[in-house]
Every structure is written in C-alpha cells, then in structure tokens.
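A.B. asks: Here it is, the structure, as structure tokens.
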Amino acid sequence: MRLDAFAPAKVNLFLHVGGPDAAGYHPISSLMLFADVGDRVSLQAADAPSFEATGWFGAEVPVDDGNLVVRAEMALRARLGGPTPPFRLILDKALPIAAGLGGGSSDAGAALRLLREALAPDLSDADLEAVAGGLGADGAACLWGAPVMARGRGERLSPAPALPALHAVLVNPLVPSPTGAVYRAYDAAVAPEGEAPPPMLDGLESIEEVCAWLAGFTRNDLQAPAVALEPRIGQVLDLLADEPETLLARMSGSGATCFALCAGDIEAEGLAERIEQMRPDWWVKRCRLGGPF
C-alpha cells in the first residue's frame with residue numbers, strides 16, 4: 001500500500017495582529033489562500049514505524065517529534081487508541097523552512113488525511129480538525145488547503161470570500177524568519193493597530209480590484225518587524241515592488257517568503273524568470289493562489 005497527498009504552501013494575503021493576551025497569545029485576523037506549489041507526503045505499509053525527509057530542503061527537517069508530521073501521527077494514534085499498524089511516512093520537502101508558508105502545518109495536515117484513510121476512514125472531519133488544531137495555530141486552517149478567514153489564535157475559521165483566480169510569484173531569500181522572534185520584535189517595536197478584519201467586499205471580479213482592496217484596507221503587521229530582524233526580506237519586497245508585473249508585493253505570515261500578485265499567468269511567468277536571473281541565490285516559484293489543489 002502507498003498513499004500520497006499534496007501539502008500546499010499557505011499564503012496570508014493579509015495578517016492583522018493584536019496585542020498579546022494574558023497567556024502571551026496574539027489574536028489575529030487573516031485571509032489565507034493556498035498555492036499550487038508545496039510539499040508531498042506519502043505513506044507506506046511497513047514492519048516498523050519510521051519517518052524520513054527527502055527533497056530540496058529535506059536535510060533541514062527534523063525527523064523526530066520536533067517535526068509536525070511525526071507529532072500528527074502520534075496525536076492521531078492517541079486519538080484512535082488501541083493497537084494500530086505501523087507505517088513509513090516520507091516527506092518530500094520542496095518548501096523552505098521557517099518561511100511563512102505554513103509548510104509544517106500543511107505537511108501535518110497531509111499526513112493526517114493519509115493516516116485517516118489508512119487507519120480510520122470513518123473518523124469525522126470534525127474529529128480530524130480537532131487533532132490538527134492541537135498541533136498549532138495554523139493546524140486546522142492547513143488541514144484541507146482551502147481558502148479561509150482565520151480569527152482568534154487562528155482556530156476560528158470561516159469560508160473566504162469569493163475571489164478571482166490569483167496569479168503570484170513567491171520569493172524567499174533563503175534566510176529563516178522564526179515566528180517567535182518576529183512576534184517578540186513586533187511586541188517591542190509597535191503599538192498594535194488591532195486584529196480587526198477589514199471590510200469584506202463582495203463582488204471583487206478582477207485581480208486589480210483585489211489588489212486595490214488589499215492595498216487600501218489590509219496589511220501584514222509582522223512585515224515591518226521581520227524586515228527589521230532580517231533586512232534581506234526588505235530587499236525582496238523592494239525588488240518585487242519595482243517590477244512592472246507586480247500589482248501588490250507583501251510578505252506572507254512571519255516571513256521570510258514574500259509574494260507578488262500579477263495580472264495573469266504570463267506576467268507571473270515573466271516576473272519569476274527575471275527574478276531567478278537576477279537572484280539565482282533566492283527561491284522563486286510562480287504559482288496560482290486559491291485551493292484546494
């Protein structure tokens with residue numbers, strides 16, 4: 001038996017962050033879409049349980065319970081109880097690490113979908129979402145890879161507004177941007193504007209209208225502190241903003257990945273090719289945003 005699942009990159013079109021609560025958690029409001037680029041997770045029957053990471057960034061991935069795929073398997077087996085057969089889980093890691101793309105959460109979501117298929121096909125979506133939500137703030141949002149609005153600590157999910165097809169270029173300068181460090185810099189540097197969501201407009205029919213709405217009413221509150229910690233993120237944003245194909249340039253999540261929204265696939269392809277030529281030391285991917293893929 002071999003099962004495979006796609007683990008798409010998550011992109012925050014906006015991320016509004018409030019001040020920390022008494023427990024130190026920050027309330028957020030975010031519109032999350034998913035890309036048609038990402039990692040892959042596969043499951044195979046085995047005599048003993050094992051986990052391995054392959055792919056371009058596989059060597060940077062922990063293979064113990066520091067990895068969300070391993071923790072996802074442990075959590076689901078604990079939820080099911082009783083004896084369960086062993087599996088070999090393989091992660092093909094194509095996304096950069098600590099990149100603001102929800103890669104770990106998306107990998108865990110893919111693993112949970114595969115494990116449910118193999119171990120407990122009758123387990124409800126709600127039960128699987130509860131397991132995913134226990135793995136981290138993005139866990140439930142990244143389980144299905146479908147566009148969502150996230151509130152609270154990221155666990156309050158609602159369907160995203162209807163949007164036209166979005167063509168984008170993802171760029172990462174191949175420097176890590178640890179979430180905890182960025183939030184600490186955010187707390188130290190700014191007076192929070194608050195996590196209130198923007199006015200959600202229906203009937204956005206073109207990418208130009210989407211970009212005008214994003215630019216006029218939304219932001220990523222973690223972008224400035226992330227750039228302060230790692231100026232190379234700012235270099236990415238400046239380069240993208242200067243290119244003619246870019247309608248909007250912004251950072252995703254806590255970085256370091258940034259995205260440029262483009263009018264169409266041809267424009268995104270041209271921008272990606274030019275960035276790759278200018279900065280061969282950066283990770284660059286043309287993609288579509290939406291989901292599920």
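Please read every residue number as a count from 1 along the shown chain.
Glycine too: its Cβ is placed from the backbone N, Cα and C atoms.
Just so it is clear, the model here is predicted, and its values are computed rather than measured.
So Swiss-Prot lists these for the protein:
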type     : residues                                                                           : note
ACT_SITE : LYS10                                                                              : active site
BINDING  : PRO96, ILE97, ALA98, ALA99, GLY100, LEU101, GLY102, GLY103, GLY104, SER105, SER106 : ATP binding site
ACT_SITE : ASP138                                                                             : active site
A.B. asks: Between PRO96, GLY100, GLY102, GLY104, which of the binding-site residues has the fewest other CB atoms within 10 angstroms in the structure shown?
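C.D. replies: Checked PRO96, GLY100, GLY102, GLY104; of these binding-site residues, fewest Cβ neighbours within 10 Å: PRO96.
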A.B. asks: So around the ATP site, PRO96, ILE97, ALA98, ALA99, GLY100, LEU101, GLY102, GLY103, GLY104, SER105, SER106 aside, which residues have their CB within 8 A of the centroid of those CB atoms?
C.D. replies: ALA9, LYS10, LEU95, GLY253, THR257
A.B. asks: May I ask you to report the DSSP-based helix, strand or coil state of LYS10 (active site)?
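C.D. replies: DSSP call for LYS10 (active site): strand.
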A.B. asks: Measuring Cα to Cα, how far is GLY102 (ATP binding site) from ASP138 (active site) in Å?
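C.D. replies: Roughly 7 Å, rounded to the nearest whole number.
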A.B. asks: Where among the recorded positions LYS10, ALA98, SER106, ASP138 do you find the Cβ with the fewest other Cβ atoms within 10 Å?
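C.D. replies: Each of the recorded positions LYS10, ALA98, SER106, ASP138 was scored by Cβ atoms within 10 Å; lowest is ALA98.
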A.B. asks: Whole-number Å only: compute the distance from the Cα of SER106 (ATP binding site) to the Cα of LYS10 (active site).
C.D. replies: 8
A.B. asks: With H, G and I counted as helix, E and B as strand and the rest as coil, say where DSSP puts GLY104 (ATP binding site).
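C.D. replies: In the DSSP reduction, GLY104 (ATP binding site) maps to helix.
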A.B. asks: Could you state the CA-to-CA distance between ASP138 (active site) and GLY104 (ATP binding site) to the nearest Å?
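C.D. replies: Rounded to the nearest whole number, the Cα-Cα distance is 9 Å.
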